[in-house]
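Right, one structure below, let's go through it.
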Amino acid sequence: MNPQLTPDGRLRHLLTLDGLPRATLTHILDTAESFMDVGEREVKKVPLLRGKSIFNLFFEPSTRTRTTFEIAAKRLSADVVNLNIATSSQTKGEAILDTVDNLSAMHADMFIVRHSQSGAAHFIARHVAPHISVVNAGDGRHAHPTQGLLDMFTIRRFKGEFHNLTVAIVGDVLHSRVARSQIHALTTLGVPEVRVIGPKTLLPTGVEQLGVKVFHDMAAGLAGCDVVIMLRLQNERMKGARLPSAQEYFKFFGLTPEKLALAKPDAIVMHPGPMNRGVEIASEVADGPQSVILPQVTYGIAVRMAVMALLAGGAST
């Protein structure tokens with residue numbers, strides 16, 4: 001049984017997309033669609049989470065993810081508490097579980113957790129009270145499920161269906177928790193061909209076992225693609241130099257207008273952010289007509305609203 005689901009199939013935690021059935025992913029995306037108009041209203045709120053307390057526990061820096069979770073929770077009328085790690089008892093050596101236990105004693109209903117250690121969100125989920133839900137907002141290299149979901153939502157909005165697409169994920173797959181979540185979601189939702197493109201040093205050993213095709217050449221990898229997802233170099237997770245220089249990387253694996261022309265004419269370009277312009281993507285592409293990078297950010301609010309609403313409301317998946 002999947003620990004993220006209750007015995008009757010309801011979402012209890014969101015820790016990873018690996019192992020979640022297609023019906024669950026589709027239901028989250030459908031629920032997100034129903035929240036898309038909230039941001040366009042004069043009063044950008046719905047009362048679904050009124051009286052609920054949501055704690056953002058970000059042990060790693062974040063701009064888009066933390067902010068969109070906060071906006072999403074407030075649009076659901078929840079009370080949001082952002083824990084400032086720099087001034088918290090964590091800096092005094094308090095164990096993460098003690099931090100969580102103390103916050104639980106303050107009648108928390110949900111924890112949004114980002115941590116540098118893979119498995120941190122799973123660890124917390126195993127120790128919280130039954131009424132508390134945990135959302136993994138990124139744990140080490142392991143997973144970033146809400147980013148994976150908002151990327152699927154973006155693809156569905158621009159491409160309609162998944163069953164006839166070729167999707168390429170380009171760059172530092174080895175250190176990317178986003179890539180792992182994207183691959184699990186794409187294969188679960190029925191994308192027939194998922195490609196990863198990058199230098200051998202930045203692709204995990206045995207990545208083919210996840211059901212992807214591997215390319216070390218941009219021209220071959222981008223040919224005929226409907227969706228191109230660029231990843232940044234995760235310099236903060238690298239142990240020692242793996243590349244000669246950022247300029248060298250851009251030469252071979254940076255997405256330029258010339259390289260994008262190898263994909264289908266109506267291909268869309270995505271990036272989970274933050275972008276390193278001139279390293280993995282040229283500004284002409286990032287700001288160009290095929291880029292859907294800013295819509296990704298907008299859609300992230302609706303997707304995170306959907307996740308929190310399903311967790312707190314217990315809507316069947």
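Cβ atoms are placed via backbone N, Cα and C, with glycine included.
Annotation source Swiss-Prot lists carbamoyl phosphate binding site at ARG64, THR65, ARG114, HIS144, GLN147, GLY273, PRO274, citing sequence analysis. Within 10 Å of the C-beta of GLY273 (carbamoyl phosphate binding site) there are 16 other C-beta atoms, taking all protein chains into account.
Look at ARG232 (L-aspartate binding site): DSSP puts it in coil. The Cβ of ARG232 (L-aspartate binding site) lies under 8 Å from the Cβ of GLY171, ASP172, HIS271, PRO272, GLY273, PRO274, MET275, ASN276, VAL279, GLU280, each of which sits 6+ residues away along the same chain. Residues or ranges marked as L-aspartate binding site in Swiss-Prot: LYS92, ARG177, ARG232.
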Binding-site residues compared (ARG64, HIS144) - highest count of Cβ atoms within 10 Å
HIS144
Hey, how far is ARG177 (L-aspartate binding site) from GLN147 (carbamoyl phosphate binding site), Cα to Cα, in Å?
9
For GLN147 (carbamoyl phosphate binding site), which residues of its chain lie six or more apart in sequence with Cβ-Cβ distance below 8 Å?
THR65, GLY138, VAL178, SER181, GLN182, PRO272, GLY300
For ARG177 (L-aspartate binding site), what is the tally of other C-beta atoms lying within 10 angstroms of its C-beta?
23
